[in-house]
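Notes for the one structure printed next.
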């Protein structure tokens with residue numbers, strides 16, 4: 001107990017050097033704790049903005065770094081009384097200031113450890129509850145049970161349920177009203193402009209109230225304030241927050257007036273910024289329509305239709321339109337099942353009864369093969385995406401997605417390969433073609449399905465070069481519907497064979513491992529050399545497609561196969577479904593910009609390495625690994641965490657996340673762009689307001705240690721110099737930049753589907769929940785409110801959203817089906833409940849973990865025996 005006696009000295013003024021190590025260690029620990037707070041709690045502020053693609057991740061980090069630093073430096077004076085008023089009564093440690101210093105150091109360590117663990121797991125936890133739990137463990141371990149404010153502990157336990165429920169109700173109410181009044185109206189953008197000043201006023205009012213009632217700047221006036229115990233204290237000079245408490249009516253009027261002034265200024269700025277985005281989107285739409293002309297049936301008639309290859313699908317709505325058929329989800333499923341069964345039966349019949357003999361087009365208009373890589377021409381892909389015979393169908397909610405049926409896709413590829421086989425057996429080889437038509441036994445025509453694989457694998461399947469048949473005549477350019485009119489006519493022996501639109505897709509899926517045989521010098525000198533090379537490549541692709549119709553092996557490039565050991569090739573080989581992607585380079589700034597998209601408007605997220613292998617990009621090793629110092633520096637910069645594509649990562653980590661991201665109701669694109677500007681303003685003001693409280697959680701214990709060390713007593717007021725506040729703000733900004741993407745991905749991508757309109761409702765609901773409960777006097781966690789509001793908005797998704805364009809007009813003489821619109825109040829399938837359950841459990845563990853770690857560290861530091869010289 002000798003150590004306890006030494007730590008129980010009534011004052012530190014006599015020997016401050018003995019406790020200098022506590023101040024030094026506390027400074028380092030304060031930096032790490034602030035780093036973890038920035039990566040967790042500050043990330044919640046911009047999670048909905050990044051999740052909705054209103055701003056990219058790097059822009060959110062840059063904005064938060066500036067706003068957090070400014071807010072912590074100017075408004076971070078709240079650390080003065082934050083620790084004193086939360087959970088610990090400092091008056092108990094008036095006679096033992098050294099114990100207070102040791103306990104605060106242990107509290108920083110305990111809270112920091114839990115926050116780093118939560119950041120690693122991507123769990124959004126309350127940093128306020130972390131530091132409160134650490135202080136609770138310190139108070140209990142010190143033996144001063146009366147130092148703990150148990151009323152605050154009871155409020156915290158109740159807030160685990162009250163905060164998410166209240167924020168969910170607020171966010172859901174705002175979103176439902178916004179959806180009914182604006183998003184589902186006939187002219188949503190015009191209505192959004194009319195409601196703009198109301199939205200901005202609701203944002204600025206919460207910020208103004210915080211600025212007036214939580215401001216710790218001092219005024220040269222006197223004020224009286226009632227403190228704990230019923231005593232009234234006189235303060236001169238008086239802080240703005242204390243003056244506001246003493247003159248609540250006047251302070252509220254000032255807050256309203258300040259909010260009106262901010263609304264006028266910010267509304268003008270937001271209006272210009274929002275319509276800059278809208279006009280940019282319209283210009284891109286015009287350029288896209290000029291560069292990629294489509295049929296009139298494929299083009300959208302309104303601004304809500306997405307550009308080709310974009311992420312936005314056709315908007316869906318629960319509002320039925322007159323004269324349009326609105327089948328339900330069950331009817332849609334039955335209709336799609338019937339179409340699928342009919343298509344499979346037709347494919348089987350064609351396999352058993354092949355079509356008449358025809359020859360493949362020598363120009364290979366629908367298939368382009370070069371150096372072992374196959375790709376489909378753009379008109380073919382567009383036709384495949386829009387044709388009724390394509391392999392794409394509508395899901396139960398109406399979005400156009402690829403058919404994932406393994407059986408259907410396998411049979412489709414087998415059908416395409418069979419069609420290619422029947423076309424290729426007569427390809428420009430007149431002896432074989434004519435002999436097969438005459439029934440010559442030397443050239444047997446293998447028609448049966450069982451002999452199809454044998455034909456492809458046999459050496460005789462290759463077509464020998466031969467001179468053109470005398471009966472062949474040059475064909476006109478109009479003979480092939482896919483050939484551009486400007487191309488010259490090319491002679492062929494027979495009429496072009498009809499090739500299914502998915503034949504290029506089948507061949508492209510096997511191009512990485514179905515490398516066509518090299519062209520010999522003899523073949524290259526003959527006129528049929530190029531034609532034979534194209535046909536051999538097609539047969540090689542069909543062979544691999546028949547052997548493995550659904551999956552393609554991502555093996556190393558054939559030219560570099562010898563450089564890779566066989567064991568490594570076998571270990572690194574993976575099976576994946578390859579579809580011909582198209583990288584979209586133009587998109588609104590940080591808004592709905594997919595990583596890789598398809599012409600059928602579906603999405604697939606592929607890493608750069610897999611994409612390079614699947615497309616056979618042929619990038620040299622010098623480009624992959626830059627040798628110059630500038631190239632290495634640029635590559636290192638692009639690999640930083642703030643350039644991560646969290647949407648792609650979240651969708652590939654969990655299939656449920658991908659379903660949530662594609663199954664939500666889609667609103668007008670321009671209206672969403674308009675709300676993205678409002679969402680950025682809301683996130684910025686929330687970042688400034690939260691920076692003061694977040695700084696208090698990290699700087700508060702360190703400020704207490706520094707004040708006790710400088711004054712030598714624990715009863716003095718805790719100071720907070722500006723340089724300490726600046727230090728805390730910079731530390732939080734660095735933590736957000738390096739580790740904040742984990743929590744942003746959890747809340748903004750993996751929990752529910754977030755768009756700008758939804759994200760704005762979430763932020764507004766969370767802000768008003770904190771404001772109302774703070775006015776009542778009930779402490780809440782901003783993290784709990786943010787997550788609760790996110791879940792509440794997600795629950796408002798309709799179960800079966802339908803396309804806004806409907807299924808077409810009702811046929812003449814047919815009565816439209818009268819069916820009630822089904823818009824359920826709550827849709828539990830639109831929330832990732834497994835993830836939310838883990839987040840809720842982490843909220844409960846927060847206080848327990850921090851308290852146990854802090855109590856263990858303090859017990860070891862204060863009560864462990866030590867050697868005395």
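Positions of Cβ are set from backbone N, Cα and C atoms, glycine also.
Topology note: residue 53 and residue 697 share a membrane side (same topological domain name in Swiss-Prot). Listed ranges 230-250, 251-271; the one Swiss-Prot annotates as transmembrane segment is 251-271. Cross-referencing 700-720, 721-741, 784-804 with Swiss-Prot places the feature transmembrane segment at 721-741. Highest Cβ contact count with the transmembrane segment (838-858) among the listed stretches 19-39, 98-118, 121-141, 155-175, 197-217 falls to 121-141 (criterion: pairs under 8 Å). Beyond the transmembrane segment (721-741), the same-chain residues lying 6 or more positions past its ends with a Cβ under 8 Å from any Cβ of the stretch are 30-31, 34-40, 42-43, 57, 61, 64-65, 68-73, 76-77, 79, 119, 641-642, 644, 646, 691, 694-695, 698-699, 702-703, 706. At the 8 Å Cβ cutoff, the transmembrane segment (760-780) and the transmembrane segment (197-217) share at least 3 close pairs (sequence separation 6 or more) and count as touching.
In the topological domain 'Extracellular' (142-154), helix, strand and coil residues by DSSP number 8 helix, 1 strand, 4 coil. Non-local neighbours of the transmembrane segment (197-217) in the same chain are 75, 77-78, 80, 239-241, 244-245, 251-252, 254-256, 258-260, 262-263, 266-267, 270, 678, 681-682, 685, 688-689, 692, 760, 764, 767-768, 770-771; each lies 6+ residues outside the stretch with a CB under 8 Å from one of its CB atoms. Taken together, the residues of the topological domain 'Extracellular' (76-97) have an average pLDDT of 66. With helix defined as DSSP H, G or I and strand as E or B, the topological domain 'Extracellular' (742-759) counts 13 helix, 0 strand, 5 coil. Proximity of distant same-chain residues to the topological domain 'Extracellular' (742-759), defined by a Cβ-Cβ separation under 8 Å and at least 6 residues beyond the stretch ends, is recorded for 39-40, 43-44, 46-54, 57, 60, 119-120, 122-124, 175, 178-179, 182-183, 591, 646-647, 649-651, 653-654, 657, 660-661, 663-664, 667, 671-676, 678-679, 786-787, 790-791, 793-794, 797, 830-832, 835-836, 839. Panel annotation: around the transmembrane segment (98-118), residues 6-9, 12, 19, 22, 25-26, 29-30, 32-33, 36-37, 39-40, 90, 124-125, 127, 130-131, 133-135, 137-139, 141-142, 697-698, 701-702, 704-705, 708-709, 714, 842, 846, 849-854, 857-858, 861-862 of the same chain, lying at least six beyond its termini, place a Cβ under 8 Å from a Cβ of the stretch. Using a Cβ-Cβ cut-off under 8 Å and counting only residues 6 or more beyond its ends in the same chain, the transmembrane segment (19-39) has close neighbours at 12, 68, 98, 101-102, 104-105, 108-109, 111-112, 115-116, 119, 127, 694-695, 697-699, 701-702, 705-706, 709, 727-728, 731-736, 738-740, 742-743.
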